[in-house]
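TrEMBL annotations:
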type	residues	note
DOMAIN	6-317	domain 'Cobalamin-independent methionine synthase MetE N-terminal'
DOMAIN	432-754	domain 'Cobalamin-independent methionine synthase MetE C-terminal/archaeal'
BINDING	Ile437, Gly438, Ser439, Glu490, Asp605	L-methionine binding site
BINDING	His647, Cys649, Glu671, Cys732	Zn(2+) binding site
ACT_SITE	His700	active site, proton donor
Amino acid sequence: MTVTVATLGFPRIGPRRELKHALEAHWAGKASEVELLDAASGLRTAAWARQKALGADWLPANDFSLYDHVLDTSMMLGAIPERYRSADGEAALATYFAMARGTTGGHDGCGHGSVTACEMTKWFDTNYHYLVPELAAGQKLALNRLKVVDEYREAKAQGYATRPVLLGPVTWLSLAKGRGVDPFEMLDEVLGLYAAILGQLAHAGAEWVQIDEPVLVLDLDEKQRRALTRAYAKLSRSGPKLMLATYFGGLGDNLSFAAALPVAGLHVDLERAPEQLEPLLKAAPKSLLLSLGVVDGRNVWRSDLEALLDRLEPVAATRDLVLAPSCSLLHVPVDLALETKLGEVAEWLAFAVQKIEELAVLKRALNEGRGSVADQLARSASANASRKASPLVHNPAVAARAAAVTEAMGERQADISERAAAQAAVLDLPAFPTTTIGSFPQTAEVRNARARRNRGELDAVSYEAFLREETERTIRWQEEVGLDMLVHGEFERNDMVQYFGEQLSGFAFTVNGWVQSYGSRCVRPPILYGDVSRPQPMTVEWWRYAQSLTDKPVKGMLTGPVTILNWSFVRDDQPRADSCKQIALAIRDEVADLEAAGCKAIQIDEAALREGLPLRRGDWAAYLDWAVAAFRLSAAGVGDATQIHTHMCYSEFNDILPAIGAMDADVISIETARSQMELLEGFAAYRYPGAIGPGVYDIHAPRVPGEDEMVALMQLAQQHLRPEQLWVNPDCGLKTRKWDEVKPAIEAMVAAARTLRASA
Ligand code: GLN
Ligand code: ZN
């Protein structure tokens, strides 16, 4: 029996974010379309060469994208909403970027006038964002840009026989938003187009096609199951053999259904769901080529190769196998070899390149015996052993403290209404108090100063002085405009998670470990490798300085434990809940220090609490349990008169309202400016007891809202909540905005609050 190696997709951005630079140069008018496309094709060529050299037998094509593979799929099917249709023709790159980013009209509008971008949202439970397909009633689809065929041919011309990747029709339809139409009504039309594409791929020479249906790891409804049955009955007869790829979890109750679909191969995620191997082997006919996702495509740790071999050897003795990462390598950084500052931690890690190397070692061990790769296996084993035993990872004091956490530590002393009274006495705020979410504009100046400090061109003292000036100016401006509760502005922070990670023990940072977030945007998630502790206070000095400048209360500003966890690569050697508890204890200490310094209101942001929800509903309760407990542990150490705020930048709350209530924050600010306060209905129905600041200023757009508009939104809010529950604030932090947008918007917001007070 033979074992081969596949990758389901390779990072698109390039080892040094070449794609980002090429895109941004093009958008800025500094690089032509031809130059952009040249850079893109260079990246594809390099990716194929690299994967081949590393030992991959099945190379993907069409895993590359100039912006997003879901948008590519929509383009391919001609699912282009009316507002983007233009004289340029639908295949034009300008149309594609208009859908991705919107246009402002005028010179860069490319004939599209001013249009908003398609909606963007998170790809399953990753931090990658895709553009939501939009379908309207009566819309006609038609094959449009056959990128998949082009890229297959491009690889072939360079001597690579690839297995092109397509996003499956049922997943695409499941992600689509229908306007006046159920996207599934278009199933047959969509399947006709997919069949035609598969035919063209076969004609071009493709023997296999990888077709991704990650919906198979979700709770499926009858409509989706019927669609899958119908889709694969048709598509399996359309030309190439199909490798149906599932990832981000186990097939669970869909396992026998998936194994019975008439496809030639099935890929499963054995990292998230190792337990599905045995039932799968029972359910899968020998004729079904199994692709086992054994190396973690979502995290950065080295695999335990010997443990994997113990599992795989008996399977490989009975059938051909493909070994692969659990999912596309899109979600991990490119190459560990580019890291210079990780010290001992580097030894424990594997990025995309190293993961393919691991697969190649496994393949050789299975095909030729472990002896053929004895050195590599020994090296891997010793790296993992050193990680297990390392004092960098294990801090007995932290473990002991976490073990001693009691439920009482997550309880505030009094209940929320008593606390509100105690806080009112201390804070003395007007009705409809105004505040902001924390950050003020990160101007080019601020970012330059930080970059120069990082390069060593600016000394610590001058940098500090610069930040103090920014902070002081911002405090003064907030006083002048008349805000009630001030913030220091977060000028010293590069990122709301990184800033804390850099000050906590247990986190490491990469130099080049970029992962695509959306389009040209990349993030460098911290790597949580060890027990977390806080060597010293992290924010107290900045708060103290800001508070020293004013008599108005200045909010302490922290990132919550769940958000720090969800936006990092985290340990795989202990449950996420345990890591989260350790972070919570560190934040709890910071909260205590802020309170001791005299801080009366402390905001603990949990921007990422909701997005950490597991993909299957059945797993929600367990997650929410420990996530809420971690937040409470971080917050509940304070006295009743200290006001705990939290902030969440999203609006789908209805299904998790009890958990939000259980967080027991005194004040929560949320994103509502675009949704006309509708979501407050849920809070009202649930009888949410705390105070709420429903965002009245949409900070995601440059537009400056007027006073009337904000008054109207707050009046809507009062249809759902008692006036004394309401705060007035923007949707989120102001860091991405410009001062000349922020100033008039916040002035109008303060004026709106005054109008509300006058009419109350
Ligand atoms: N306090 C942070 C800020 O204002 C919150 C950011 C966020 O919610 N994403 O920038
Ligand atoms: Zn936010």
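Yeah, the Cβs are placed from backbone N, Cα and C, and that goes for glycine too.
In sequence order, the recorded positions near Gly438 (L-methionine binding site) (Cα within 10 Å of its Cα) are Cys732, drawn from Cys649, Glu671, His700, Cys732.
Comparing Ser439 (L-methionine binding site) with Cys732 (Zn(2+) binding site), their Cα atoms are 9 Å apart once rounded. With a cut-off of under 6 Å between the Cβ and any atom of ligand 2, the binding-site residues Gly438, Glu490, Cys649 reduce to Cys649. Measuring Cα to Cα from Cys649 (Zn(2+) binding site), the recorded positions that fall within 10 Å are Asp605, out of Glu490, Asp605, His700.
Filtering Gly438, Ser439, Asp605, Glu671, His700 by Cβ distance to ligand 1 (under 6 A) retains the following recorded positions: Gly438, Ser439, Asp605. DSSP classifies Ser439 (L-methionine binding site) as strand under the three-state reduction. Long-range neighbours of Asp605 (L-methionine binding site) (same chain, six or more residues apart, CB within less than 8 Å of its CB): Ile437, Gly438, Met496, Met557, Leu558, Thr559, Gly560, Thr563, Thr646, His647, Met648.
Of Glu671, His700, Cys732, all annotated as recorded positions, the residue with the shortest Cα distance to Glu490 (L-methionine binding site) is Cys732.
Take the mean position of the Cβ atoms of Ile437, Gly438, Ser439, Glu490, Asp605, the recorded L-methionine site; other residues of that chain with a Cβ within 8 Å of it are Thr436, Val487, Met496, Met557, Gln603, His647, Cys732, Gly733, Lys735. Counting only the Cα atoms, the space from the residue listed as 'active site, proton donor' to Glu671 (Zn(2+) binding site) is about 10 angstrom. By the criterion of other Cβ atoms within 10 Å of the residue's own Cβ, the least surrounded of the binding-site residues Ile437, Cys649, Cys732 is Cys649. Contacts of Glu671 (Zn(2+) binding site) defined by a Cβ separation under 8 A and a same-chain sequence distance of 6+ are given as Met648, Cys649, Tyr650, Ser651, Gly695, Asp731, Cys732, in order along the sequence. Counting every protein chain shown, the number of other Cβ atoms lying within 10 Å of the Cβ of Ser439 (L-methionine binding site) is 22.
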